[in-house]
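First the structure, in the form of structure tokens, and then the observations on it.
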């Protein structure tokens, strides 16, 4: 961003609010855009996102608006912090010369990567932001780290400068598919971990699930050109640990609710892993890949298996060596 210009943060949910606060903490003024004018007006007045991030006050450096053209006016790039299903509509309303930083951990409606979808619309400067980042902790200024990946090193460096502070380390990467898809797939594994919690399967089961889930992530990501180092980095293993174990995690909580026979919906908040499971399962079937944990979650969320049946299918797979080539 140019000196003194505000960083557009498009999306005033919990994560968008936390990123706007993080930018201000780094000395970067921010413009937080909310889709609903009434919500934006209330947020601007009370200076606290009581619906999505209660207890975190907006600093003076964060302005709030519902005017999208005004929010991005004069900006070099913007953070897009809306659920994946809302990204296409938001992209359609943005100037193509704007750099876009995609912060959702999901897929486009057609199952493609959001970065590919943005490039297909004519955006030449695209980045993705991902890591073990719970909004509740980032907003409070607790220590954390994240990764911004882009084929445009200047864009990645600019995002790093805008967000890096004593409480948030920002690393750069050129591995866009690895950083982007690690955040997508770990959500599904976290749903499975939550189901295990809801079924009271114990620590051994969770450790097994996360270890085999990481192997599943590695096979899937590397088949799409990701680097193995990324899989075991912040946006892969790091995000998996945070999402599969934390009480803040929507995906883990949704899986636990399903296992208990309750609704996985959480006050209107989007649970990316529930939608992504079906898209990833369809991709695996179409391309001849075996993603057993993804398949189990997809079958359960479609109502074709119960959580207990999902466990039986996973535990009943054929015997094999732990590290057999090509096997998850």
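Using N, Cα and C of the backbone, Cβ positions are placed for all residues, glycine too.
Together with 105, 131, 186, 249, 250, 251, the sn-glycerol 3-phosphate site in Swiss-Prot holds one more listed residue from 124, 239, which is 239.
15 is the only one of 15, 305 that Swiss-Prot places in the NADPH site (with 35, 36, 105, 135, 250, 270, 272). Binding-site extent for NADPH: residues 15, 35, 36, 105, 135, 250, 270, 272, maximum pairwise Cα distance 23 Å (rounded to the nearest whole number).
With a 10 A radius on its CB, residue 239 (sn-glycerol 3-phosphate binding site) counts 27 other CB atoms from all the protein chains. According to DSSP, residue 135 (NADPH binding site) sits within a helical segment. Among the recorded positions listed here, namely 131, 186, 249, 249 has its C-alpha nearest to that of residue 36 (NADPH binding site). Separation of the C-alpha atoms of residue 135 (NADPH binding site) and residue 186 (active site, proton acceptor): 17 Å, rounded to the nearest whole number.
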